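Comments concern the structure below.
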Amino acid sequence: MSFLFGSRSSKTFKPKKNIPEGSHQYELLKHAEATLGSGNLRMAVMLPDGEDLNEWVAVNTVDFFNQINMLYGTITDFCTEESCPVMSAGPKYEYHWADGTNIKKPIKCSAPKYIDYLMTWVQDQLDDETLFPSKIGVPFPKNFMSVAKTILKRLFRVYAHIYHQHFDPVIQLQEEAHLNTSFKHFIFFVQEFNLIDRRELAPLQELIEKLTSKDR
């Protein structure tokens, strides 16, 4: 959760998305942080008793957006049009951007451009009260889970790009423990609720097996 980065630089790529204090979602976030503090990530991602799955996925999706935002914010100086002319995750995987609204046909673009498009798009989804209602009693839309899956699938690509193309600066900045913990938490979460297709995770499959094998 984002509390892991509390003492770090507060530089983020996009503005942090806050969950309103005093709301039920804020209480859920606090519950998640407390459980994470125990160090057992498998337990931390489980749906708390009596809670709504949509709300749990929503709270965690916001938190993963904030984490990735912060992690990418630390390496933006290394991810440039020159160093990353395409959005890739190693030599085998390249991503082209489309959001289905403003850009319907996938376009090839640099990694910083792609990630800017991606994070702006995610931010717009999170800010949409019809998709991510923050008020108690306002129902989640019927398509909420498919929207959340698309968000998480796309956020995974930022982790994949950082690991494949920018791991050296991550080590130089002494951020690898934060990156690994954040990614491990993310993977346990999407595995727990089957939120990302296994094929989408292929660029980091070896790392996923290494990070999760100790906790089976």
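Numbering starts at 1 and runs along the chain as displayed.
The backbone N, Cα and C atoms fix where each Cβ goes, and this holds for glycine too.
Non-local contacts of His161 (Zn(2+) binding site) by the CB criterion (under 8 A, 6+ apart in sequence, same chain) comprise Cys79, Cys84, Met87, Ser88, Ala89, Ala111, Ile115. For Cys79, Cys84, His161, His166, the entry in TrEMBL reads Zn(2+) binding site.
All protein chains included, Cys79 (Zn(2+) binding site) registers 21 other Cβ atoms within 10 Å of its own Cβ. Taking the centre of the Cβ atoms of Cys79, Cys84, His161, His166 as the Zn(2+) site, the nearby residues of that chain (Cβ within 8 Å, site residues left out) are Ile75, Phe78, Ser83, Ala111, Pro112, Ile115, Ile162, Gln165. The Cβ neighbour count for His166 (Zn(2+) binding site), using a 10 Å radius and every protein chain shown, is 22.
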